[in-house]
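In Swiss-Prot this protein carries:
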- 1-39: signal peptide (SIGNAL)
- 40-91: topological domain 'Extracellular' (TOPO_DOM)
- 92-112: transmembrane segment (TRANSMEM)
- 113-125: topological domain 'Cytoplasmic' (TOPO_DOM)
- 126-146: transmembrane segment (TRANSMEM)
- 147-163: topological domain 'Extracellular' (TOPO_DOM)
- Asn161: N-linked glycosylation site (CARBOHYD)
- 164-184: transmembrane segment (TRANSMEM)
- 185-345: topological domain 'Cytoplasmic' (TOPO_DOM)
- 305-345: domain 'UBA' (DOMAIN)
Amino acid sequence: MFTSTGSSGLYKAPLSKSLLLVPSALSLLLTLLLPHCQKFFVYDLHAVKHDLQIWRLICGRIICLDLKDAFCSGLLIYNFRIFERRYGSRKFASFLLGSWVLSALFDFILVEAVQYSLGVTVASNLPSGFLAPVFALFVPFHCSIPRVQVAQILGPLSITNKTLIYILGLQLFTSGSYIWIVAMSGLISGMCYDRKVLQVHQVLRIPGRMAEFFSWALEPIFSSSEPTSEARVGMGATVDIQRQQRMEQLDRQLMLSQFAQVRRQRQQQGGMINWNRLFPPLRQRRNINYQDGPRSEQRASPPLEVSEEQVARLMEMGFSRGDALEALRASNNDLNVATNFLLQH
C-alpha cells in the first residue's frame, strides 16, 4: 500500500538516500555508543531564547534522539522520494531547506501562542530531529498524489494507496507530548512554501553553484544502481524505455482512478459532466454553419487561456504538450475531463 510511482528503491533519489542513511546512523551512534553526547543535540527553545544558543536550532533539528521517531521519519522519507524524482534533487532540496527554516520560526510562534492564549506552559525541549520537513512533505503528497482505492471496508471506508503513509504520519504525530508543535509548524511551513506565500520559494532555495558542487561531490557517494528487476517487463526495447512506460502507465492509472472518483461524486450530487463543452448541440452547429464565413472569422473569440500548471501536470503523466493543450481547451480547463479525454484517445 505504499505509494508506488516509478522505479523501486532509491534510484535517481540521492538526496532521499542521504537523508535516510546519515541521520539514522547518527541516531544509532548517539543512542548506543555516545549517549553522553546527546545533550548537544537537544532541541531546547529556552536555551535558544534566553541563553542565545542559536546553534541548537541546527544541531537540535537534524538528528532524532528517539529511535522510534528516526524509524518512522525514515520510512516517510523513503516514500516521499517520488518528489525528488518528479522535481529534481535541487528543487526537492530547496523545499526541504525552506520548510526547515520556516518551521523554526513557527515553533517559536506556536509555543508563545499556546502559552499566552491557553495559559499552558510548554516544555522547553521539543522533539529533536529532521521532523518538520517530513511533515511539510505531506502538503504536496496530499495535493498532488491521487488516491487509488485498494480495498473497501465498513461501507464508505476504503483503503487506498495513501492509507499506510497517513498511518505512519499519525504514528509519528502521536509519538511524543509536544511533537504536535513540530508537526503543525512543519505543515504550515509546507503550505507556505508550496503556495509560494511572500515568494519564500525564491528566497529560500539552493543556489545553482552549490547544487552543482554537491552534485559533483556527494551524488556519486549516495547514488544507487539501476534496478535490474524492471528489465523483465517486456514493454520497450531498452531499460530506460521500460521504466518510462511503466511510470506513465502508473501515473495514468492513478489519474484514471481520480477521475472515476470525481465522476461518482458528481453523479451522487445529481450532476453529470457537461459534455456540451466538448461537443456543442446540433442546433448551435447549424447556426454556425449558416453564418457568413469571413464575418464569423472576425467574430471568432480568442483561444481559451490554458493554465500552465495543468499543462505541466499532464506532461508529467507522459502526454505531449500539444495533446495537453488541445484537451484542456476542449474541456474548458477541467483537468479531470482532459485527463479522461487523453486516456481514451
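Heads up, the Cβ atoms here are built off N, Cα and C, so glycines get one too.
Nonlocal intrachain contacts for the transmembrane segment (92-112), taken as residues 6+ away from its ends with a CB within less than 8 angstroms of a stretch CB, comprise 15-16, 19, 45, 49, 57, 61, 83-84, 122, 126, 130, 132-133, 136-137, 140, 181-182, 184-186, 188-190, 192-194, 200-201, 204-206, 211. Outside the transmembrane segment (164-184) by six or more residues, the chain places 1-3, 66, 68-69, 72-73, 75-76, 79, 103, 106-107, 110-111, 114, 122-123, 125-127, 131-132, 134-135, 138, 141 with a CB less than 8 A from a CB of the stretch. Residue counts for the topological domain 'Extracellular' (147-163) under DSSP, split into helix (H, G, I), strand (E, B) and coil, are 1 helix, 7 strand, 9 coil. Cβ neighbour count for the residue listed as 'N-linked glycosylation site': 19 (other Cβ atoms within 10 Å of its Cβ, all protein chains included). Residues 42-47, 177-178, 181 of the same chain lie 6 or more positions beyond the ends of the topological domain 'Cytoplasmic' (113-125) yet place their CB under 8 Å from a CB of it. The average pLDDT the prediction assigns to the topological domain 'Cytoplasmic' (113-125) is 79.
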